[in-house]
Amino acid sequence: MLLSIGMLMLSATQVYTILTVQLFAFLNLLPVEADILAYNFENASQTFDDLPARFGYRLPAEGLKGFLINSKPENACEPIVPPPVKDNSSGTFIVLIRRLDCNFDIKVLNAQRAGYKAAIVHNVDSDDLISMGSNDIEVLKKIDIPSVFIGESSANSLKDEFTYEKGGHLILVPEFSLPLEYYLIPFLIIVGICLILIVIFMITKFVQDRHRARRNRLRKDQLKKLPVHKFKKGDEYDVCAICLDEYEDGDKLRILPCSHAYHCKCVDPWLTKTKKTCPVCKQKVVPSQGDSDSDTDSSQEENEVTEHTPLLRPLASVSAQSFGALSESRSHQNMTESSDYEEDDNEDTDSSDAENEINEHDVVVQLQPNGERDYNIANTV
């Protein structure tokens with residue numbers, strides 16, 4: 001039982017470890033930040049972290065390259081100044097917008113209407129990244145451009161060195177991103193269901209193994225029904241087959257139905273904790289209901305006579321004897337064998353006498369004349 005509990009705990013630990021590793025591996029596939037590659041007029045680059053919005057189009061796989069323009073007004077809560085007209089057809093422009101004063105979707109929609117291809121919204125008095133969302137379905141349907149969110153320090157660096165007026169340009173680089181609330185929660189639900197099923201399966205298997213082990217072991221009340229004999233010198237058995245120690249006077253021997261005897265201290269743990277069979281001949285000490293039924297069926301099959309039934313049947317197995325009846329059975333067997341020998345001797349004597357009479361008759365017939373011999377033979381026939 002302790003071994004089964006240990007195996008159950010080990011299996012549960014392994015399952016927990018596997019699920020934990022898979023969960024962390026899955027979380028590693030959920031980056032919360034993308035990258036902004038900024039290049040100044042000297043082609044020096046710098047990378048800034050950003051967080052894509054939950055509305056609008058995704059960034060293209062190859063990234064979005066454009067020139068950065070400061071929004072006018074900065075909060076973009078109303079229509080803003082469009083990008084330069086002379087370069088509008090040949091270049092892509094990205095607008096930098098300040099947070100607060102209105103919703104994110106309004107800011108991005110105003111940037112889209114002004115002609116910008118992407119929008120960057122920066123935080124105020126903080127470098128924390130916020131996931132931009134919207135509750136207005138009508139506004140969401142109108143937004144087509146991508147947008148990202150950055151911290152205030154990143155926005156100040158972009159304004160100082162990487163704007164369009166200072167000869168800089170940006171590349172918004174997308175990264176593999178999965179919405180956490182859409183993928184992690186179903187994943188955790190599936191993992192939880194699998195874990196519950198595994199635990200139920202392991203508990204069921206543990207209970208079945210425990211019941212099976214109980215059926216294969218001997219109960220205390222069944223053990224008490226087996227006879228116990230105190231060993232005396234001259235008894236039939238001399239060595240315990242389990243501990244290989246010779247029996248001494250006064251040793252308590254447990255006598256099994258198969259007539260094998262063992263020390264009580266040796267065979268009792270075997271019967272109650274391992275199997276209810278004889279350690280030597282493997283015969284069951286207390287047959288179960290299924291065993292008795294199978295024995296009855298097999299005996300009925302043996303009694304049925306078919307075309308495959310052998311002419312000479314094998315000898316039936318000798319029934320189990322008690323420890324005290326062994327000597328009587330052996331003496332009875334010796335007496336039976338001696339009586340069989342006497343009957344065989346009598347039969348041999350009778351057959352030899354009959355053969356002697358036949359031989360004497362033949363001798364008499366040969367000594368008589370031919371006519372008389374023929375007469376006697378004819379009378380005999």
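Glycine too: its Cβ is placed from the backbone N, Cα and C atoms.
Under the heading signal peptide, Swiss-Prot lists 1-34.
Residues or ranges marked as topological domain 'Lumenal' in Swiss-Prot (evidence: sequence analysis): 35-182.
Residues or ranges marked as N-linked glycosylation site by Swiss-Prot on the basis of experimental evidence: N88.
According to Swiss-Prot, the feature topological domain 'Cytoplasmic' maps to 204-381, an assignment based on sequence analysis.
Annotated zinc finger per Swiss-Prot: 240-282, in sequence order.
The region 'Disordered' annotation in Swiss-Prot covers 285-381.
Residues annotated as compositional bias 'Acidic residues' in Swiss-Prot: 292-304 (among others).
Residues or ranges marked as compositional bias 'Acidic residues' in Swiss-Prot: 339-357 (among others).
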DSSP residue counts for the zinc finger (240-282), split into helix, strand and coil: 10 helix, 9 strand, 24 coil
DSSP-assigned states of the topological domain 'Lumenal' (35-182) in counts, ordered helix, strand, coil: 33 helix, 41 strand, 74 coil
Confidence summary (mean pLDDT) of the topological domain 'Lumenal' (35-182): 84
